[in-house]
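Engineer: Have a look at the structure that comes next, please.
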Amino acid sequence: MTQPEAATAAPGTGAEPGPGPAGRLSRRLARALAPTLGRLPVWVVLLGIYLLTRVWGWIVFSLVARQQGTNPWVDGPMDYGRFIGIWDADWYRQIAATGYPQQLPTDPDGHVRQNPWAFYPLFPLAARALMRVTGLGFVPAGAAISVPCGAVTAVLLYGFFRACRRDGRPAGLTAPARTIDVGPALATALVLLNPIAPILQVPYAESMNLMFLTAVLWALVAGRWGICAVLLVPTCLSRPVGVPLGAALGLWWLVGWIRAARRARAEASSSAGRTPGRAALRALRQTRAELALALFACACALIWPGIAWAVIGRPDAYTATETAWRGEHLLPVQPWFQQARVFFGDAGWLALALLLLLGAWALLGSRAVRRSLPGAVRMWLGCYGVYLLVFLFPQSSTFRLLLPAFPLAAPLVEVSRSRAYRVLLLVGAGLGQLLWVGWLWHWKELPSGGDFPP
């Protein structure tokens, strides 16, 4: 009589136990689906990744919404639809319903109070148009804009990260999925899973702005100046990123002009009749398209402050509104040292300096950053970081304002090609959403009143 087959290998044989029923089923399913999935276009796979990340965002919001207590919007727990429509969504709702005020509201002392002029117009006006056409309320209309913008962003991110590799290959969005470039795909997934990524499915302007910003940076890396110029207008009218964009493009032009001038001077030194001045003018002619693009970006950055000036009648209408949230006049850089002293004591300035040095090294000296991102993108990251340092009052919403630094996903993925590292990176990013939504989106009134905004 035969003995029944052992469930585990005999001791000392060195054999590994076979996979359980669930493991065998998953392997069979993977083998069965692989041919079909491999034939799908890359863009379909990217949209599938986006869908999965948004389902996870829905789960996170829904779990936290059930724990919501008494708050300024409703008395008690919320459902998903109500929960995503709080915080700044109230300002966008007001703009979509009534537009922008003709005068700035002030307190009895004459200081400008918080008002809608701090919020750029493209998203709320698009929501208003959709509301009028469909009859939807603001929250579903705003989400109906944000979610598709995020889907387009998912495809653009992959193309952008592939373009950053500087290998001259096309984006390959219509190629079969089996040819997908793993590095850019993982970087795309990391952006879509990062702790702030739930913002891509709420009625905020971040999803729309990220779509346009990704397209601008991709066009810049690809050398498509005309496309880049066209996209600068909606980019600068959806979120306040025009100033660092103008600075980055100006710096990028300056570096290109210096290199062209050096080449022209080298040629002039070997050719009679050419002077250094003519070499500089020749370099200027060679880089005139880049200079025009940088100047146009600076002009786009002034569109919204200029509109506020024209409507309100005072040149500081926009900046006075922005500083209303901090309760004081704009003092560049100083708020960072104030907050550093609050959190780290008298040695706060030293902690801040070390943090800035570490950030500068990561952008300029890290081999992973240099290998993963071209110079123009590194200039964008540097200028955006300086912009936040100069103008931002650091608080809890700073995390959300780091979203435009999304190109850093590429070097984070390239730090190690270990499968374990990359899986932990993605899983950790996804779990971080629970922390961001549970800590900041979830309303918890402070002893002094109010709460930290997300």
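Each Cβ is built from the backbone N, Cα and C atoms, and glycine gets one as well.
Where the annotation comes from TrEMBL, it is an automatic prediction and has not been curated.
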Engineer: From the ranges 1-23, 93-115, pick the one that TrEMBL records as region 'Disordered'.
Structural biologist: 1-23
Engineer: Six or more residues beyond either end and a Cβ under 8 Å away: which residues meet both conditions relative to the transmembrane segment (423-443)?
Structural biologist: 53, 56-57, 60-61, 63-64, 67-69, 71-73, 83, 86-87, 186, 189-190, 193-198, 396-397, 399, 412-413, 451-454
Engineer: Using Cβ atoms only, state whether the transmembrane segment (40-61) and the transmembrane segment (212-235) have three or more pairs under 8 Å that are 6 or more apart in sequence.
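Structural biologist: In this chain the transmembrane segment (40-61) does not contact the transmembrane segment (212-235) - fewer than 3 Cβ pairs sit under 8 Å.
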Engineer: Taking the transmembrane segment (399-416) as the first stretch and the transmembrane segment (291-312) as the second, find out whether 3 or more Cβ pairs fall under 8 Å, excluding pairs closer than 6 in sequence.
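Structural biologist: Since fewer than 3 Cβ pairs under 8 Å link them, the transmembrane segment (399-416) and the transmembrane segment (291-312) do not come into contact.
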